[in-house]
Structures are given as C-alpha cells and as structure tokens.
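> Input: one structure, supplied below.
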C-alpha cells in the first residue's frame, strides 16, 4: 500500500497546480466521530427536517412571482397557446438536474450542495469557483427578490405609491440612488427567523408557501370555470396551436426553465435531514413535480382565457380575469405574488450560510463562518453576515440589471453536479485524504500490507524532499520495487497485476471520454449559438463538436462503470437512472443556456470570478484543510480508523 502526504502528492514543479485537483473525503461516521473527539462536534447542524419540510423548502424556493409575469411574456413572444408544453419541456430538463442532485445528495449528505459534491468528485479549484459563484447567486438573488416585494405590497394598499412613508421607496438626489426600506426590513426579518432554527423557519416558509399555492389554485379553479363558460377563446385562433412553430415553443422552454431554479436549495439542507438517503430524493422529486404541475395548469388556463397576442405582458394573470369582469381577483393574485416572493426570499437566504459554513470547514474561508450556535444549531454568524450583505444591497442598489448573474451560478452548479455523477460512476476517487493525526495508524496498516505482499528485501521507505516543504510536512512514502504504475495506490499480489493494469486502463479511458464529451458539448453549443459566424464554419464546428460528444457518449456506454461506485459515500439512497445519457443531456442543456446568457452578464460574472481566484490564491489554497492531509487507498480507510481506535 502506498501512502502519500498532500505535499508529496502535489510536489514538484506543478505542485501549485495540483492543489487545484485535490479532493476531500465523503463525510462518514468515522469523520464525524473524529470531529467530535477533536472538539469540533459543535459544528454539527440539527437533524430535524423530514419530507414535508423539504417539500416546503423546494416549492417555496422555486415558485416565485415570476410565474405571474412569465406567462404573458413567453406566450406573446415565443410559445403562443403552446406555453403549457414549454413549461413541460423545461420541467423535464430541470428533472435531469434533479436526478443528478438526488443521487449526490443521498450519497454525500452534508452542507454545501454543489460545492460539496464538486470538492469530492472534481477537485478543490473547481469547488471553490462553484462555491464562489453560488455566493454571488444567493446574495444577488435574495436582494432582487426583496426589491420586488415592495411594489406588490403597494398594490395591496391601493396603488404604486400607497405604502407608508417609512416603507416607501425614496430617491436620494445627490447620489442618484433609490433606496428601498421595505426590502431591507424584509431581509432582516427573514434573517432573524433563520437564526431561530431550521425547523421553525421551515414551518413559517411552509405557511407562506401554502398561501401562495392557494392563490394559484384559485387561478386554476376560477379560471377553469371561466374558460368552460366562455368556450376557451384563447385556443380558437386561426394561427393554430403553434403560431411561432416548434422553434418558438423550444425558445419559450429555454426561457421558463429559470422558473424551476430553486429546488437545489433542498440539497443545501442535506446535513439537517433526519433520513437523507430516503427523504432528500423524495423531497426534491415531489417539490419539482408540484411546481411543474402548477406551472402547466396555470399557463393552460390563462392562455385559454385570453388570446396570446392580447395578453398584458406585465400583469397577464390579473388582466385575464379583469377582461372577464372579475376585477377583485387582482387582489388575490397580488397576495399570491407577495407570498411567493416572501417564500422565495427565505429560500434565497437559507442556502448561503450553509455554503459559507462548508467552505470555512474546509479551510477555504475563515473559521468564523463555520461556527454553529449551540442552542439553535444553525450557523448564526454566517446567517447574520448573509442577511446584512443582502439587506444592504436591497436597500441601496437596483439589482434587477444584475439578475442574469443569478442564473450563471445556478447553471454552473447544475453542470458540475452532472459531471460529478459521471465521475462518481466511472472514476470515483480511489484515494482518500485523512488527517495527519492518523499518521501512526496509517503507517501501521501500510507496513502490514507491504510486508504481506513483498519480501523484506523488497521494501524501501523514502522521504520525498520537495522544495519549499518543511520537514514535518514530509510523511513516509512506502513503495515497492518494480511497481507497475507511476503512482500506485494499492499494490496487489503478483497474480492480480493484469487485472490491476486493466482497471487502470479502464479508468484512463473513462476519464478521457468524460473530458472529450465536455469539450464536444462546449464546441457544439458555442457554434450553435454563434449566429454571427458564416454558415460553413458554423456547421463545421457543430459537426466537430457533435462527433466529440457522440464519441464520448458511445465510449462511456460501452465500458463498464466502476465497481467502487456501489460503496462510494453513503449507500442505500437514490440511484440516477440512464447513466451516461441523462447526465450528458443535463450538461448539454445547461451549457447551452449558460452560453446564451449574453456577453454583458458574463463580463460581470468574470470580474467576480477573478476576485474569487485572487481570494483563493491568497487565502484558501494556503489554509485548506487538505494541505497536510495524508492520502491512502479508499479500500483501507475503515481499517485505518479501526487501527487508530485500537491504539492506546
């Protein structure tokens, strides 16, 4: 058995780059018990969530006020009466990501969501960028939602300028800034509620979500009655059911896809779920199913009540009822919009403290963010920082122009989660980082295996001396002469060498197939979206990308998945179906949507990511919890922990 410290593993001229691909261990009973014994047990969150709580979080975070606006905009510009099918197609596309999230959440049930999965399956560098992008997403998303609540509240008071003066928006002339006290107050109220406890805040979110669902059910029932009474005039058009053709319906699906963003908030609470292997997949699945069903029913009703070209793009739902003489319905719909925004605000602020906490646990952020309150068992400090930041932005800034940046974080996370599923199935991590405090147990087990597989004369103990590495960072590296691999993790008896070489080749082929697939997706989607290119070049690039994508898919379909996938992480949970087709389709859809977000959005996001790279280079890389880790074969982790526990 070969054991390497992280400094040895990342040594040489490329040591700095190799730190970007170091991966952490899946949290297990051993790691939790080790954390408790070392005095970090207070950093565990309360396990108090069940399926109903998760459904409330998922539905509340997903169904925002956007559905009350998207119906009119998308129907007028893209889908027409086929809007219902646009929502269905978008729901199926979102379900692909949900399947990937469900498997990873049940296998790796710890706080951090996509950041956590990327760190385990891909590496530290990518995980940092995903976490950094999610911080941007939830901060701007929460601020944007809060800014959208005050106009809807004003409508309940009688008009756009009907709010009390201490809540109404005011413009500061010498600064040219419009402040929104109502938005800031709501953010601070939600922040205080989240600090009370996860079960209490989820209960309140459930009540608010139910109020929103009641408004949507009213739209469905009352609108259905009106439709049958008037004969569904919106469907009796000479232009037919697809006035913009199939392309318009698909364009509408790509727009309404963003109405499904939010179910990933369920995965961020994985550490607080009582039975994550069962409850997390069911919570994600039920939440997404409820959202898709409601979206389709509401869109079918509204499009049937009013011809698509006559819809009000700003208030399509309430105007549909007004056109049939039911003016009072606008108040119910406005209440639904307000409750939807409040629930979405809670869903936007809830995940970020847990991501900050996860990153701080891994040493990538200061330990301040990893503190968990002993009485409420929530990351209160991280929650307060998140609330202060989001509240300040909501008070001073009109973040609507930055709302596209929210989609970047989500789509990057969706893409990386799908890639993580492919890695988990075909090339799961076969070496695990353990704390240097277990060095004695590691050496004992390592020596035992080397003695059993080699004669005494065949063993050598080396201390690899690396430039810039202190003596205490060097750990013994046990190697065997005549090793068949450059960096063997576990040497087997001579009779098993052929199978070992075959397994190494299979992993290399699978790894390259995943890389080729991702490159093909990037080329294909970029070329398909680059309308400014001349057609011959564009079609050539699309063909080349399609060949790479198809080649990777065929190779992954033909080769066997890794047997270690059965024991990776926590077993007994949800298994994503149709691998590799489903994750690759998920990657294709999300990358296409990412590329089409626009140059302005990517310019803003690039600035944020560059700042993140500088923060990681100056702090995260140097303080990572893996900097002194010792990497051992995954097959021997349990044995090492048992050996450690048996030592006096």
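Backbone N, Cα and C define each Cβ position, glycine as well.
TrEMBL feature annotations, pasted as is:
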type	residues	note
DOMAIN	574-624	domain 'Cationic amino acid transporter C-terminal'
TRANSMEM	114-135	transmembrane segment
TRANSMEM	172-196	transmembrane segment
TRANSMEM	203-228	transmembrane segment
TRANSMEM	240-263	transmembrane segment
TRANSMEM	284-308	transmembrane segment
TRANSMEM	328-350	transmembrane segment
TRANSMEM	378-396	transmembrane segment
TRANSMEM	402-424	transmembrane segment
TRANSMEM	509-532	transmembrane segment
TRANSMEM	538-559	transmembrane segment
TRANSMEM	571-595	transmembrane segment
TRANSMEM	601-619	transmembrane segment
> So which residues does the transmembrane segment (509-532) touch in its own chain, when a touch means Cβ under 8 Å and the partner is 6 or more beyond its ends?
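Same-chain contacts beyond the ends: 419, 422-423, 426-427, 538, 541-542, 544-553, 555-556, 559, 562, 580, 584, 587-588, 591-592, 595-596.
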> With CB pairs under 8 Å as the measure, which of the listed stretches 114-135, 172-196, 328-350, 402-424, 571-595 comes out on top against the transmembrane segment (378-396)?
172-196
> In terms of Cβ proximity under 8 Å, which residues at least six beyond the ends of the transmembrane segment (328-350) contact it?
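Long-range Cβ neighbours of the transmembrane segment (328-350): 57, 60-65, 67-68, 138, 141-142, 145-146, 148-149, 152-153, 155-156, 186-187, 190-191, 193-194, 201, 204-205, 208-209, 211-212, 214-216, 218-219, 222, 262, 265, 268-269, 315, 317-318, 321-322, 383, 386-387, 390.
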> Checking distant contacts: for the transmembrane segment (601-619), what same-chain residues at least six beyond its ends satisfy Cβ-Cβ under 8 A?
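For the transmembrane segment (601-619), the far contacts come to 125, 128-129, 132-133, 136, 364-365, 402, 404-405, 407-408.
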> Counting only pairs at least 6 apart in sequence, do the transmembrane segment (402-424) and the transmembrane segment (203-228) share 3+ Cβ pairs under 8 Å?
no
> Sequence-remote contacts (6 or more beyond its ends) of the transmembrane segment (203-228), Cβ cut-off under 8 Å?
52-53, 56-57, 59-60, 63, 67, 193, 294, 297-298, 301-302, 304-305, 317, 320-321, 324, 326, 329, 332-333, 335-337, 339-340, 342-343, 346-347
> Residues of the same chain, at least six outside the transmembrane segment (114-135), with any C-beta under 8 angstroms of its C-beta?
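Beyond its ends, the transmembrane segment (114-135) has Cβ neighbours at 19-26, 104, 108, 264, 267, 351-352, 355-356, 358-359, 362, 364, 408-409, 412-414, 416-417, 419-420, 423-424, 428-429, 569, 605, 608-609, 612-613, 615-616, 620-621, 624, 626.
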> Should anything in the same chain at least six residues away from the transmembrane segment (240-263) have a Cβ under 8 Å from its Cβ atoms, list it; otherwise answer none.
58, 61-64, 66-67, 70, 73-75, 77-83, 85-87, 89-91, 93-94, 98, 101, 284, 287-288, 291-292, 295, 308, 344, 347, 406-407, 410, 592-593, 596
> Could you tell me how many residues in the domain 'Cationic amino acid transporter C-terminal' (574-624) are helical, how many are strand and how many are coil under DSSP?
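For that range the per-state counts are 40 helix, 0 strand, 11 coil.
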